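Student: Okay, here's the structure, questions in a sec.
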Amino acid sequence: MKETIDFLIDTIEARQVLDSRGNPTVEAEVFLECGASGIAIVPSGASTGAHEAHELRDGGSKYMGKGVLSAVNKIHETISPALCGLSALDQTAVDKLMTEIDGTLNKSNLGANSILAVSLATARASANALDIPLYRYLGDPLSNLLPVPLMNVINGGAHAPNSLDFQEFMLVPHGVNNFSESLRMGTEIFHSLKSLLDQKGLSTAVGDEGGFAPNLSSSEEAGDLLLEAIQKAGFKPGEQVSLALDAASTEFYNDGIYKYEGKSLNSSEMISYLSRLVSNYPIVSIEDGLAEDDWEGWSELNKELGDKVQLVGDDLFVTNTERLRKGIMEKSANSILIKVNQIGTLTETLEAIELAKMSGFTSVISHRSGETEDTTIADLSVATRSGQIKTGSLSRSERIAKYNRLLKIEEELGNQARFAGALGLGPKNI
């Protein structure tokens, strides 16, 4: 074992780089006394919840105001001097010090993007110093569960310039024994879907997350296309491959009304609509079926559908333990979406996952629409045995990078590897 001093943080570098949408984001590199280092790049969302931690942006004319040099400077001028000399192995202390220096509830002083970049890079530096994979460093010897992928193959809403109000229509290939076969199934259906869209004269242009973005008349048309693509690829809907939705309902909600497909619906009417979809399609998961502050509606939704499908809170919970506790008390959902940049530190992310698990909620580890080549979430999904991951479609290399990382992890684990399959949708089975 190396001497403790070897794990002390020596220096931290940061720079402005680009994400998958061509927008600036923060990369941080943490160097330890022993010579090991770790790099992390933070993602950014398009449909962001009002309660998310604050990203620091420059404003002004450069990069249309989206530059992050101010966040980079915060790392160089404030975070690095404060953290140098701390043990990188004490992730909690590192993250706590950054949040204390920031001094705000939403990290608006230092910026969640600067804090998170350093937080994740610190963990990776520690793993590299110990010469172990990140999933093993963050997890334990039982961290061997590969997640079921929720593959966003039809994009709508804020993720695509088309007519669909719902943001994501996903494949859930669960009816196999390992991750690599699940990935193969999803890939074959993706190509089957592309062929179908071509045949129907529909666009095969892709959205932010690599899924197709055709102009369709309704969510039902999207669902029908997915069922046809699954069958055309030789698989059985519901038995081998199910469907999942991200309604991102906050995006079309205002003053108690959901403006959906040209109609004005109240919460009860929206719940009835979602219930019909569940009855007519093999849907196993609905994310953000209602708006982020429609707490009463969420409780009704959970009463109606909570014993039938996974109800995932994204904008509802924003990876925040306080909002999650409220949701647990009010029985508002049964699952939480985990996005590291919504809360801004690795420690708080792990706390949210643990609280969900203790409360009988599932957790779904997720990317953002503005992604990078960073593969931390792949390791995080295995480390925490979450059983599910959302990392986009089967195109765009920033999405594929996470799938490829999971393939490598499965190979490293060998016969110790387990695959969540259908079990990934129920925490009692993990």
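Here the Cβ of each residue, glycine as well, is placed from N, Cα and C on the backbone.
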Student: Among GLU209, GLU287, GLU348, GLU351, indicate the single residue that Swiss-Prot lists for the Mg(2+) site containing ASP246, ASP314.
Tutor: GLU287
Student: Of GLN91, GLN167, GLN199, which does Swiss-Prot put in the (2R)-2-phosphoglycerate site with LYS339, ARG368, SER369, LYS390?
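Tutor: When Swiss-Prot describes the (2R)-2-phosphoglycerate site, the candidate it includes is GLN167.
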Student: For the binding-site residues GLN167, SER369, which one has its C-beta crowded by the most other C-beta atoms within 10 angstroms?
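Tutor: The residue with the densest Cβ neighbourhood is GLN167.
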Student: So which recorded positions out of GLN167, GLU209, LYS339, SER369, LYS390 end up within 10 angstroms of ASP314 (Mg(2+) binding site), measuring C-alpha to C-alpha?
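Tutor: Among GLN167, GLU209, LYS339, SER369, LYS390, the ones whose Cα sits within 10 Å of that of ASP314 (Mg(2+) binding site) are LYS339.
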Student: Using Cα-Cα distances with a 10 Å cut-off, which of the recorded positions GLU209, ASP246, GLU287, LYS339 are near SER369 ((2R)-2-phosphoglycerate binding site)?
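Tutor: Passing the 10 Å Cα cut: GLU209.
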Student: Please report the distance from the Cα of GLU287 (Mg(2+) binding site) to the Cα of GLN167 ((2R)-2-phosphoglycerate binding site), rounded to the nearest angstrom.
Tutor: 10
Student: Counting across all protein chains present, how many other Cβ atoms fall within 10 Å of the Cβ of GLU209 (active site, proton donor)?
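Tutor: Its Cβ shell of radius 10 Å holds 31 other Cβ atoms.
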